[in-house]
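Visitor: Attaching a single structure in structure tokens format; questions to follow.
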Amino acid sequence: MMDDNVRDLGWLSLDLDGHYLLVDIGANLTNRKFAKDLDSVLQRARDSGVCKIIVTGTSINQSKEALRLARLHPDILYCTIGVHPHEAKTWTDDCETTLVEMASSSECVAIGECGLDYNRDFSPRDVQQEAFEKQIQIACDFKRKGLNRPLFLHERDAHDDFVRILNKYHAQLPNVVVHCFTGSYEEAMKYLEMGFYIGLTGFLAKFKSDNSLVKMLEEKKLPIDRLMLETDSPYCFPNTRGSKLPTKVKEILTEKSLNMLNRYSSFQRNEPSSLPVTLEIVSAYLEMKPEDVALKTTLNSLKFFGLS
């Protein structure tokens, strides 16, 4: 049953054309795969009901580009400003000053993508930790000044160090989202205990029914008031044609969402217009109406990032 808060704001769940109203909290639109047709990509996002997209900053240069795009498309784009753990090896003392300056812009709604990635170790682990901690400090400083710059975080195979570093600042932290979460039950419970939000992508379509993330959704271990949706474009394509999707998921997928997915997204390039499919997959596992999940996750995103 829809709670009172959801019912009172039910007008948000569908737009006038019957689309879900969604926020894509993480899309890598600075990727060169979008260089030639970004205007069309954004129009398709609007046509699919994605009303706001947060462009992810992953390095100094990519953060500058994310900010530029957000200024070019103020009706739909915002950005994060940060240095991804893969790029931590590029961190210098000047990075902090540059990030603070860019993050002070109204188009910036979060610090990140930052964190730790021990899966590929593209940057030395001690360097990753230093860059991560510096960016946490930046976000905490913004909070002390009364400015909303939550943390948009990446963690892969680095849970213990990730939690240890964040715990050093726990009382000072702004809101935190662990984006593109694919971790274990224990990791999810720890993040929820710490008050963090969880970002879910089309990567869900890759999992079998016995996957821990799927089970957490089915067993209502991931509360919907802590969930947000993202495409992580051009990555994390939701492959609805794979054999791993259970029947209950395939049955909830709408023709409208599938048409947009199959016409414009692929393994080579996912795009924000695929977000309704991820919404429907999450809804199937939660055993909730997609309209209700759209409403709640969109409200979560608007409040978390301070979007109008």
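The backbone N, Cα and C atoms fix where each Cβ goes, glycine too.
Residues or ranges marked as divalent metal cation 1 binding site in TrEMBL: E113, D232. Feature annotation from TrEMBL assigns divalent metal cation 2 binding site to H154, H179.
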Visitor: For a quick check of packing: other C-beta atoms within 10 Å of the C-beta of H179 (divalent metal cation 2 binding site), how many?
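Guide: Step by step: centre on the Cβ of H179 (divalent metal cation 2 binding site), count other Cβ atoms within 10 Å, giving 26.
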Visitor: Helix, strand or coil: which one is E113 (divalent metal cation 1 binding site) in, per DSSP?
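Guide: SS state of E113 (divalent metal cation 1 binding site) = strand.
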Visitor: Hey, which of the binding-site residues E113, D232 is the loneliest by Cβ count within 10 Å?
Guide: D232
Visitor: If one measures from the C-alpha of E113 (divalent metal cation 1 binding site) to the C-alpha of H154 (divalent metal cation 2 binding site), what distance in angstrom results, rounded to a whole number?
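Guide: With the alpha carbons as reference points, the distance is 6 Å.
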Visitor: Taking just the CA atoms, what is the gap between D232 (divalent metal cation 1 binding site) and H154 (divalent metal cation 2 binding site) in Å?
Guide: 12
Visitor: Near the Cβ of H154 (divalent metal cation 2 binding site), how many other Cβ atoms are there if near means within 10 Å?
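Guide: Looking across every protein chain shown, the total is 23.
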Visitor: Could you check what DSSP calls H179 (divalent metal cation 2 binding site) once collapsed to helix, strand or coil?
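Guide: Once the DSSP labels are grouped into three classes, H179 (divalent metal cation 2 binding site) ends up as coil.
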